[in-house]
Amino acid sequence: MSQTHGRYDFCIGLVLAMSSSVFIGGSFILKKKGLLRLARKGSMRAGQGGHAYLKEWLWWAGLLSMGAGEVANFAAYAFAPATLVTPLGALSVLVSAILSSFFLNEKLNLHGKIGCLLSILGSTVMVIHAPQEEEVETLNEMSHKLGDPGFVVFATLVVIVSLILIFVVGPRHGQTNILVYITICSVIGALSVSCVKGLGIAIKEFFAGKPVLKHPLFWILLLSLIVCVSTQINYLNRALDIFNTSIVTPIYYVIFTTSVLTCSAILFKEWQHMAADDIIGTFSGFLTIIVGIFLLHAFKDVSFTLANLPLSLRKDDRAANGTLLSTYDCLNHDEESSACLGEMQSPESLSARRNGSLSAF
């Protein structure tokens, strides 16, 4: 009965996590459509300090969609392991990329399509191998977990590292090194996910009729969550303001998810009850998602499709042969045939090119 209940909670958490990604990914499209509509009307744009978007119903629809996604994500932590819920957040990026190609006429190149496919495959592998049962079901159990020496050491290290980055490293290198502000967001995010997990359990107990509001841990978790989320928003906005979004997003996802997986392993000890093949499958799925997100973001401004793939392959084939043109290529370019044949017959030219010399040019 307990195993059946655990699978039921797992399925609820999975559905909530996936619906959260759909809502959040769609919210970006709705907001963008609303802002573009205002731009066509000639209203002052938000980037110039305008607030006309407050009168646009599409923008409000996007805001409500994002709110619904965050609520669903919050609830997902109450039913499913953080090991599953957090990595699935990458699907919001995937949903946003796919919807933008349909509704915003933004081109999704070959790298992006491969990245989307890899993200879906990685998410599927993680769902298959994720831990099925949830160990912590009450606030009392959560308090015992939080008091575990391993987690206390981890949380202490996170706080110390964050303070050093905020007050020592940040003022000196935050404007030039992309990892400074993103690391602050990511390691603090591991603690915020733990707080969300505890509050999700508290909400389940509250609806079960238990006196949750009288439990001091509930208020401690709520206050800690407010502090952690405020810090995350502050430094993530700084990173986005200084560096390119296409670089910040994948790096933040990788470091944040790694921090959450580490925290989850220490706090809930989910990995102790997983078989070796499930652990390998979870890491393989996570790495696959990372590669997919990287391809989706790193090459999104490169115009590359299946149509120009044969041309690229021909160029690569020529480069692989030491930039030497074949006799067939020379004979098919009449205006350059004499220069090609002359160059092919010149041993000095061939020697210079093999040695990487520019004198042959």
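Cβ coordinates are placed from backbone N, Cα and C, and glycine is handled just like the others.
Taken from TrEMBL as is:
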type     : residues : note
TRANSMEM : 12-30    : transmembrane segment
TRANSMEM : 57-79    : transmembrane segment
TRANSMEM : 85-104   : transmembrane segment
TRANSMEM : 111-130  : transmembrane segment
TRANSMEM : 150-171  : transmembrane segment
TRANSMEM : 178-203  : transmembrane segment
TRANSMEM : 215-235  : transmembrane segment
TRANSMEM : 247-267  : transmembrane segment
TRANSMEM : 279-299  : transmembrane segment
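Note: the stretches the transmembrane segment (178-203) and the transmembrane segment (57-79) are in contact (3+ CB pairs below 8 A, sequence gap of 6 or more). The stretches the transmembrane segment (279-299) and the transmembrane segment (111-130) are in mutual contact, each linked to the other by at least three Cβ pairs under 8 Å (pairs 6 or more apart in sequence).
Ranked by number of Cβ pairs under 8 Å to the transmembrane segment (150-171), the listed stretches 12-30, 57-79, 111-130, 215-235, 247-267 are led by 247-267.
Using a Cβ-Cβ cut-off under 8 Å and counting only residues 6 or more beyond its ends in the same chain, the transmembrane segment (85-104) has close neighbours at 13-14, 17-18, 20-22, 24-26, 28-29, 32-33, 36, 69, 73, 76-77, 112, 116, 119-120, 122-123, 126-127, 193, 249, 253, 256-257, 260-261, 264, 285-286, 289, 292-293, 296-297. Sequence-remote contacts of a segment are chain residues at least 6 beyond its ends whose Cβ falls under 8 Å from one of its Cβ atoms, and for the transmembrane segment (111-130) they are 10, 14, 80-81, 83-84, 87-88, 90-91, 93-94, 97-98, 274, 277-282, 284-300, 302, 304.
Counting only same-chain residues 6+ beyond the ends of the transmembrane segment (247-267), those with a CB under 8 A from a CB of the stretch are 81-83, 86-87, 89-90, 93, 145-146, 148, 150-151, 154, 178-179, 182-183, 185-187, 189-191, 193-194, 236, 239-240, 286, 290, 293-294, 296-298. The list of residues near the transmembrane segment (57-79) in space but at least 6 beyond its ends in sequence, with Cβ under 8 angstroms from a Cβ of it, reads 9-10, 12-14, 16-17, 19-24, 26-35, 37, 85, 89, 92, 134, 193, 196-197, 199-201, 203-204.
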